[in-house]
Amino acid sequence: MRFLIRLVPEDKDRAFKVPYNHQYYLQGLIYNAIKSSNPKLATYLHEVKGPKLFTYSLFMAEKREHPKGLPYFLGYKKGFFYFSTCVPEIAEALVNGLLMNPEVRLWDERFYLHEIKVLREPKKFNGSTFVTLSPIAVTVVRKGKSYDVPPMEKEFYSIIKDDLQDKYVMAYGDKPPSEFEMEVLIAKPKRFRIKPGIYQTAWHLVFRAYGNDDLLKVGYEVGFGEKNSLGFGMVKVEGNKTTKEAEEQEKITFNSREELKTGV
């Protein structure tokens with residue numbers, strides 16, 4: 001299930017600030033909403049190790065400006081983000097929690113819930129072109145240190161495949177399909193501060209994926225790569241009927257399709 005969550009700022013006549021490093025705040029909003037509706041589920045999600053089976057996009061605005069040298073952009077009109085999960089209980093708890101508490105505090109801004117819209121999912125995934133709504137993160141430990149793997153390395157693809165198969169087992173309880181290939185068309189790195197002193201280099205991508213439809217659907221629903229519950233790995237399918245906002249986000253993320261091309 002996939003939702004568009006649209007928020008209206010407290011003061012509609014002025015711009016609102018959105019820090020570039022904001023995933024942590026959205027994570028807090030999501031967990032607090034789930035907790036207010038289903039405390040047991042929130043505790044389980046907080047304590048369970050491994051994938052949480054949900055993901056969300058970066059925070060966006062209907063119109064925005066990027067002042068030079070500042071750690072935030074300015075948003076106008078409404079703000080919004082996308083949320084996706086394959087677990088109905090998580091979806092229900094989030095929606096109910098947001099409706100119960102429509103006043104939303106994010107960073108130093110106050111918003112009010114404007115609408116929650118259920119989005120139509122694609123009927124087919126094999127051979128589709130995917131565009132990230134939040135960057136994809138892949139990490140390994142090398143020589144005792146955490147290393148963020150780029151899509152120029154083959155290990156990037158094997159890790160994503162293994163991760164998808166693990167999520168498939170969690171979602172369906174069956175042996176995962178093995179058919180999976182990923183062809184990156186465009187890649188753009190972004191470095192994020194997850195928490196004070198903790199950083200992650202992740203990748204905004206345009207890529208084609210081939211393989212079992214159910215396996216690819218897992219990536220679409222709960223995210224590709226790692227740290228999905230921290231706001232990484234959400235994608236949309238290019239050509240699928242989507243919202244005007246998602247199309248605008250693609251334009252912002254990829255100002256030029258020649259910025260950086262790669263393929264392994």
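Sequential numbering from 1, following the chain as shown.
Backbone N, Cα and C define each Cβ position, glycine as well.
Counted within 10 Å of its Cβ, the other Cβ atoms near TYR31 (active site, proton acceptor) come to 17, all protein chains included. What Swiss-Prot lists as active site, proton acceptor is TYR31, and the listing cites a curator's inference.
Positions annotated as active site, proton donor by Swiss-Prot: HIS46. Classification of HIS46 (active site, proton donor) by DSSP places it within a helix. Residues within less than 8 Å, Cβ to Cβ, of HIS46 (active site, proton donor) and separated from it by at least 6 positions along the same chain comprise TYR31.
Neighbour list (LYS52 (site 'Transition state stabilizer'), Cβ cut-off 8 Å, at least 6 residues apart, same chain): LEU45, ASN228, SER229. In three-state terms derived from DSSP, LYS52 (site 'Transition state stabilizer') belongs to neither a helical nor a strand segment and is classed as coil. What Swiss-Prot records for LYS52 is site 'Transition state stabilizer', and it gives a curator's inference as the kind of evidence.
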